[in-house]
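Undergrad: The annotation active site, nucleophile is assigned in Swiss-Prot to CYS50 on the grounds of sequence analysis. Marked as substrate binding site by Swiss-Prot on the basis of sequence analysis: THR49, CYS50, ASN51, ARG52, SER107, GLU112, PRO113, GLN114, GLN118. As annotated by Swiss-Prot, NADP(+) binding site applies to GLY187, ALA188, GLY189, GLU190, THR191, ILE192, with the evidence given as sequence analysis. If you look up Swiss-Prot, you'll see HIS97 marked as site 'Important for activity'.
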Amino acid sequence: MAFLALGINHKTASVDVRERVAFTPEQLVDALQQLCRLTSSREAAILSTCNRSELYIEQDHLSADAVLQWLADYHRLSIDELRASAYVHEEHDAVKHMMRVASGLDSLVLGEPQILGQMKSAYAVAREAGTVGPLLGRLFQATFSAAKQVRTDTAIGENPVSVAFAAVSLAKQIFADLGRSQALLIGAGETITLVARHLHEQGVRRIVVANRTLERASILAEQFGAHAVLLADIPQELANSDIVISSTASQLPILGKGAVESALKQRRHKPIFMVDIAVPRDIETEVGELDDVYLYTVDDLHDVVAENLKSRQGAAQAAEELVSVGAEDFMLRLRELAAVDVLRAYRQQSERLRDEELQKALRLLANGGNPEDVLAQLARGLTNKLLHAPSVQLKKLSAEGRLDALAMAQELFALNEGSTDKSPQ
């Protein structure tokens with residue numbers, strides 16, 4: 001049994017290469033079955049995200065070159081082009097790498113939690129494809145346990161390190177229960193999409209997406225059960241909004257002090273939490289002067305992100321130690337597992353010899369044999385049969401000068417120099 005982890009990621013390959021090596025969800029089952037069939041891999045799983053494509057494999061004999069060639073052929077790349085960006089981890093290093101990936105230690109955003117869910121999806125697809133067996137299955141379970149321990153025992157996932165997540169985290173500090181809050185998101189780009197996802201996951205009661213074009217606002221809104229409006233509708237929506245987060249490419253402010261003052265009057269001065277992520281700013285700076293407005297800018301969030309990233313980097317050291325222990329423990333249990341088949345066969349052989357001698361003894365007793373004599377004969381016969389094969393092999397090893405094997409046998413049978421009878425001088 002041998003483990004292999006092979007792939008590319010955001011640190012080793014450009015976006016162009018990562019896009020060309022990525023697997024679509026529809027490709028995965030067929031790709032896994034083909035991978036096992038063409039590379040002599042007994043078990044396999046594929047993790048494919050925007051930042052990485054990795055193959056996790058169990059083989060009788062490691063063959064990284066064959067797997068790399070298959071990956072190049074599958075995606076119609078030259079082997080040299082792929083080899084320039086690929087990395088290979090074997091055995092213990094492969095186990096440790098999987099645990100680091102699942103724990104977010106190898107992610108673009110240190111400690112990000114989404115990767116664990118993606119790893120679990122990779123395992124589920126491999127099970128569907130029938131390419132996960134007992135060994136890779138055990139490795140995945142150990143990997144999930146290690147990642148859970150990292151999350152539980154360290155602070156690596158506690159502090160937000162993206163602007164979008166930081167904005168939502170600040171909102172949670174202002175509003176004890178986001179499930180009772182309404183949010184107005186201005187813009188429909190990547191950052192606002194992330195904000196919408198985080199707010200949706202937090203159970204915000206109602207989300208409104210305002211954008212220059214209704215089409216783009218609607219596309220985003222449909223993903224999270226939100227409502228889409230135009231920028232011109234913002235004044236009407238503002239009065240119902242507890243949270244306002246804006247990120248557009250506008251060169252002029254979209255939200256002014258007068259519109260916010262009017263909304264606050266309608267809200268009877270119920271506070272509004274605002275985050276302006278845009279550069280240039282979408283919200284006039286004077287809005288921050290209003291008593292019932294909590295206005296944060298992108299610079300405020302960057303300070304939070306920088307401090308939190310520093311905190312995560314400190315937690316990463318403890319996480320790395322947990323992963324190292326987890327990998328060592330898994331390899332130890334795997335080595336112990338290798339002896340199970342031998343022990344099972346030896347036990348079956350011993351039980352067969354025992355049954356043979358027992359049947360012989362029962363026949364002697366049935367024929368009137370003396371019980372003490374029968375028991376003595378049973379003991380001698382069983383001892384001789386159990387020792388026969390080891391005795392023959394030990395004599396053979398001794399004749400061949402295999403002193404190392406003899407020493408191992410002495411350890412195996414828990415013998416020492418004083419345990420054997422010596423011939424009289």
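A Cβ is built for glycine as well, from the same backbone N, Cα and C atoms used for every other residue.
On a predicted model such as this, the values are computed, not experimentally measured, just so you know.
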Undergrad: Would you list the other residues of this chain near NADP(+) - those whose C-beta lies within 8 angstroms of the C-beta centroid of GLY187, ALA188, GLY189, GLU190, THR191, ILE192 - in sequence order?
TA: LEU185, THR193, LEU194, VAL195, LEU220, SER247, THR248
Undergrad: Select the closest residue to SER107 (substrate binding site) from the following recorded positions, measuring between CA atoms: CYS50, ALA188, ILE192.
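TA: So, of the listed recorded positions, the one sitting closest to SER107 (substrate binding site) is CYS50.
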Undergrad: Work through the recorded positions one by one (CYS50, ALA188, ILE192) and point out the residue whose CB has the fewest other CB atoms within 10 angstroms.
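TA: Candidates: the recorded positions CYS50, ALA188, ILE192. Fewest Cβ atoms within 10 Å: CYS50.
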Undergrad: Around the recorded substrate site, report the further residues of that chain (criterion: Cβ within 8 Å of the mean position of the Cβ atoms of THR49, CYS50, ASN51, ARG52, SER107, GLU112, PRO113, GLN114, GLN118; site residues excluded), sequence-ordered.
TA: GLY104, LEU108, ILE115
Undergrad: Other than its own, how many Cβ atoms are within 10 Å of the Cβ belonging to SER107 (substrate binding site)?
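TA: Around SER107 (substrate binding site), other Cβ atoms within 10 Å: 20.
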Undergrad: Within 10 Å of each Cβ, count the other Cβ atoms and name the one among the binding-site residues GLY187, GLY189 with the highest count.
TA: GLY187
Undergrad: Any same-chain residues 6+ apart from ASN51 (substrate binding site) with CB under 8 Å of its CB? Would you list them in sequence order, or say none?
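TA: In sequence order, the residues whose Cβ lies under 8 Å from that of ASN51 (substrate binding site) (at least 6 apart) are ASN9, HIS10, ARG18, SER107, LEU108.
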Undergrad: Including all protein chains displayed, how many Cβ atoms other than that of PRO113 (substrate binding site) lie within 10 Å of its Cβ?
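TA: Cβ-Cβ neighbours of PRO113 (substrate binding site) within 10 Å number 14.
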Undergrad: By a simple count of other Cβ atoms within 10 Å, which of THR49, GLN118, THR191, the binding-site residues in the record, is least packed?
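TA: Fewest other Cβ atoms within 10 Å, among the binding-site residues THR49, GLN118, THR191, is found for GLN118.
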Undergrad: For GLN118 (substrate binding site), which of the recorded positions CYS50, GLY189, GLU190 has the nearest Cα in space?
TA: CYS50
Undergrad: Taking DSSP three-state, what's HIS97 (site 'Important for activity') in: helix, strand or coil?
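TA: Assignment for HIS97 (site 'Important for activity') reads helix.
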Undergrad: Return the residues near GLU190 (NADP(+) binding site), defined as same-chain residues 6+ apart in sequence whose C-beta is under 8 angstroms from its C-beta, sorted by sequence, else 'none'.
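TA: In sequence order there is nothing to list, since no residue at least 6 apart has its Cβ under 8 Å from GLU190 (NADP(+) binding site).
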Undergrad: Write down the Cα-Cα distance for the residue listed as 'active site, nucleophile' and PRO113 (substrate binding site), rounded and given in Å.
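TA: Rounded to the nearest whole number, the Cα-Cα distance is 15 Å.
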Undergrad: Measuring CB to CB from HIS97 (site 'Important for activity'), give everything in the same chain under 8 Å that is also at least six residues away in sequence.
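TA: Counting only residues 6 or more apart in sequence, the Cβ neighbours of HIS97 (site 'Important for activity') under 8 Å are ALA5, HIS89, ASP106.
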